[in-house]
Amino acid sequence: MGSTEDLGYPQDILRYSSGFLVSKVMFTACELGVFDLLLESGEPLSTDVIAARLGTSTTGMERLLDACVGLKLLAVELTQEGALYRNTDISNIYLTKSSPKSQYHIMMYYSNTVYLCWHYLADAVREGRNQYERAFHISSEDPFGAMYRSEEEMLKFMAGQNSVWSVCGRDVLVAFDLSPFKQVCDLGGGGGALAREYVSLYPNSTVTIYDLPKVIQVAKEQFVPPKEHRITFHEGDFFNNSIPEAELYILSKILHDWDDDKCRQLLAKICKACKPGGGVLLVESLLNEDKSGPLETQLYSMNMLVQTEGKERTAAEYSKLLKTAGFGEVQVKRTGKLYDAVLGRK
């Protein structure tokens, strides 16, 4: 039997222990505007120029830039005048604010909100509940009341979710042929990015975004253009108010926020409102049946612990919830990406 050194354990442990450093470097470069500046400049820039334009120290900026080079977020060229930095393709596409596929907003949400909750992960594990009270000194009884504790926080969350669907939305909406469903209700549809992707893929359909009144107001004002007549809005709380009739209900990253009892309650209401032959599309990150992975989904489940009342689940667990609620036929499609699709038919 080989030694632990042969197995690589010490190196792996050290890599895991420094994982938060990697994300913080990326978050900080986004927050300071490094990638936006380099995109706008149209040419490589020196540390001195970048630091001066962004109002930082030269010493700190040099270390940040070099770390971004190590992460392949920046490229560096050594010249007679010194080191010159430029964006790589991945940072131009995903980390600049102006890109259609920008993930800037979700990065800022993770950096300024999620990170603070994760500071109390040990407490979350001990207590089995979210950590809004410790992180933000507000009640944790209503997770979305805490998440939407100010208009600024709500806007950050909505913009972050929109950025996720700008990259992942098409994958989950083409996992099944949804063209037969003409009347769609997107429950908890937020800023409407998934709804916009849906009507783009299935132009003969209409989508109603169902969400809290304050969310709907922001979605109308900032995210969904008035000329998009195929998208309408319905204000309400889907646990406490009625659900409008539709042929297909989309629940994208909704059930993972709640425990099994609330999931069953919501799915039963949906099944009752659903037209005969209709269905519900769950968009979630699926755990392996033995819960051995994927690692991203396991980490998402930890995030559900520190921020919500829910958890990530296996395909079998979601299928059971759907069938208990009255959806007899259930199909599962793994996309090979971050999010998968589960379709239940009434």
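Yeah, the Cβs are placed from backbone N, Cα and C, and that goes for glycine too.
What TrEMBL says about this protein:
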ACT_SITE  His256  active site, proton acceptor
DOMAIN    15-96  domain 'O-methyltransferase dimerisation'
DOMAIN    118-327  domain 'O-methyltransferase C-terminal'
Could you give me the DSSP helix, strand and coil counts for the domain 'O-methyltransferase dimerisation' (15-96)? 52 helix, 14 strand, 16 coil
Can you check how the pLDDT averages out over the domain 'O-methyltransferase dimerisation' (15-96)? 96
